[in-house]
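Before any comments, here is the structure.
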Amino acid sequence: MIRDLSKMYRRRAHPAPHQPAQPFKFTISESCDRIKEEFQFLQAQYHSLKLECEKLASEKTEMQRHYVMYYEMSYGLNIEMHKQAEIVKRLNAICAQVIPCLSQEQQQLQAQHLLTWTWSACASDTTPLGFSQPFHPSGSSAGLLALSSALGGQSHLPIKDEKKHHDNDHQRDRDSIKSSSVSPSASFRGSEKHRNSTDYSSESKKQKTEEKEIAARYDSDGEKSDDNLVVDVSNEDPSSPRGSPAHSPRENGLDKTRLLKKDAPISPASVASSSSTPSSKSKELSLNEKSTTPVSKSNTPTPRTDAPTPGSNSTPGLRPVPGKPPGVDPLASSLRTPMAVPCPYPTPFGIVPHAGMNGELTSPGAAYAGLHNISPQMSAAAAAAAAAAAYGRSPVVGFDPHHHMRVPAIPPNLTGIPGGKPAYSFHVSADGQMQPVPFPPDALIGPGIPRHARQINTLNHGEVVCAVTISNPTRHVYTGGKGCVKVWDITDPGNKSPVSQLDCLNRDNYIRSCRLLPDGRTLIVGGEASTLSIWDLAAPTPRIKAELTSSAPACYALAISPDSKVCFSCCSDGNIAVWDLHNQTLVRQFQGHTDGASCIDISNDGTKLWTGGLDNTVRSWDLREGRQLQQHDFTSQIFSLGYCPTGEWLAVGMENSNVEVLHVTKPDKYQLHLHESCVLSLKFAHCGKWFVRPGKDNLLNAWRTPYGASIFQSKESSSVLSCDISADDKYIVTGSGDKKATVYEVIY
């Protein structure tokens with residue numbers, strides 16, 4: 001533009017002699033106008049280019065979206081091709097067995113027909129995608145595998161095992177081509193007989209094994225509840241009580257060895273909790289009617305067909321783990337992708353990886369972390385993993401592969417308090433700010449604070465112990481298992497047999513909760529049945545004096561009012577039933593939970609009730625007015641809760657292994673992250689200064705109220721499912737998955 005101006009000035013200067021100042025001023029003004037016009041033109045051009053750039057950016061985004069969509073389709077087709085290839089191989093093997101039984105003429109005729117069909121099938125399958133494969137006697141399987149390899153190569157998903165598998169298939173097919181040049185029928189018979197003697201025999205054995213596993217896994221809970229309740233302890237440590245933590249109360253940290261520990265995968269057939277899924281054959285609990293998968297949401301549950309059912313004191317039930325359909329297992333190696341790492345813990349009671357204090361996971365399942373804040377480069381791989389589950393993986397029904405990712409991420413700046421160990425207790429303010437808790441000097445010392453717990457007795461119940469309770473004064477322990485409650489006298493450590501056995505419910509139904517009235521003369525029992533049994537313990541021989549029948553197929557937890565006049569039962573349909581114990585009638589139902597009500601506790605003055613449910617909510621109820629007071633929404637199912645006797649704090653145990661201690665009148669709360677599994681039960685000491693929390697990780701932990709300093713920890717040989725504390729806070733009883741209850745003496 002400057003050169004143009006100089007030319008303009010030169011052209012105007014030479015034709016005529018220089019005039020007075022007026023023409024010169026006119027030239028400058030004209031030049032300024034021209035500059036202004038050119039600037040406006042450039043500005044308009046810039047604006048146009050900017051709009052075009054934005055349009056291209058939006059088109060790029062749209063193309064990326066289409067790419068991901070087509071990637072999913074391609075990957076799904078790839079998996080479908082693998083499935084079809086496997087079907088073809090098996091059909092070929094069957095034909096190879098059947099054809100030799102025919103006459104010679106029929107053998108040749110059928111072999112020719114089979115070859116024709118194989119060629120046409122191969123051509124029709126590969127042509128639409130632009131792939132052409134040479135003719136093979138077993139060309140369908142080879143062509144399909146080659147197509148799968150090509151598709152996989154485009155998506156960068158096949159791994160070394162797949163390539164090796166493909167190479168072996170191609171080599172075998174090339175060998176079959178050479179033999180086919182002599183006699184198609186003879187080569188077909190020879191190659192298929194050879195395959196029959198090797199591949200088909202192994203495939204048939206594998207298929208039979210899979211069918212047996214499926215039959216065993218899909219058997220009804222009513223018939224297989226024993227198997228479903230066996231806890232896999234083959235890779236767990238033996239029982240060894242632990243003393244107080246070595247770190248000082250101000251450290252608020254974990255041992256590094258505990259953070260670095262990796263839990264061995266448990267068998268899908270093994271289950272962690274005593275509270276099995278209620279018998280689908282006879283009960284049809286709300287477990288199967290309207291359960292929810294706890295996802296990151298506040299209050300809208302997502303229906304599913306097999307959520308866990310909680311047990312006594314929020315002891316969760318178990319989700320049956322179906323086997324893989326026949327024909328899918330041989331494809332497993334072909335379907336593995338870097339993003340589709342199989343989770344070794346298929347049920348909500350699998351040991352949940354403990355979140356590091358900066359949000360990372362310390363288990364093999366951590367590969368799923370990238371799926372939650374996934375980069376654009378990995379979006380296609382995530383879509384491929386989703387497609388794998390949709391098309392070929394046949395994932396476990398209701399399986400939530402990200403259940404361990406629901407642990408709230410902890411910001412990197414909250415990794416710990418000075419001292420070098422990561423924090424496990426955090427204070428969450430009203431505005432959501434998380435800060436590690438500096439424990440006070442008296443966190444682990446002082447009146448009413450125990451030093452450790454010593455195991456003094458083992459009660460061999462013989463069945464998985466889902467519910468326990470201690471009498472007041474401390475003399476008898478009641479353990480609830482399968483179809484009965486056993487009564488133990490713990491004042492005589494040498495007595496290894498129960499003093500009585502109370503048969504209730506049906507023989508195959510598990511007791512989920514048992515509660516003693518304050519006078520110790522009446523026991524109320526509930527579980528996987530629609531009836532509650534009321535036992536008269538004061539009679540010469542304990543007997544059932546009444547039964548309360550509700551419309552719900554199961555009761556998960558019980559609470560008794562302080563005046564012993566009213567019983568509250570958590571029903572599998574989400575309702576809270578209120579029973580008049582004197583008249584033995586149903587007087588009211590609190591309705592609010594959209595899924596099974598799993599746990600319950602009542603205030604000391606008997607005016608307020610707290611309930612937790614599988615709908616990810618905790619609700620409080622005014623017992624005088626019969627209405628709901630508050631609702632707290634969480635991102636995980638609620639398995640247990642406890643109301644502090646002092647009346648200020650409510651502790652909530654969740655499926656995602658967190659414990660949250662809420663203030664009942666203020667928005668402040670504490671989050672505790674020390675455990676590595678779902679919180680199956682929770683109980684406050686009667687002094688209110690500490691509470692215990694057993695779990696699937698075989699640990700019994702004692703915490704300081706409310707900030708959660710770890711007081712002591714005891715290791716058991718199996719999952720700890722239920723617990724109770726004596727009225728004098730001197731004894732703790734736990735029920736576990738290895739068919740026993742353990743009595744601890746609390747040492748102060």
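Think of each number as a place in line: the chain as shown, counted from 1.
Including glycine, each Cβ sits where the backbone N, Cα and C put it.
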Of the residue ranges 1-20, 701-720, 721-740, which one carries the region 'Disordered' annotation in Swiss-Prot?
1-20
In Swiss-Prot, which of these is labelled phosphoserine: Ser267, Ser561?
Ser267
According to Swiss-Prot, one residue in Ser183, Ser497 is annotated as phosphoserine; name it.
Ser183
Residue counts for the repeat 'WD 1' (460-498) under DSSP, helix then strand then coil, are 0 helix, 16 strand, 23 coil
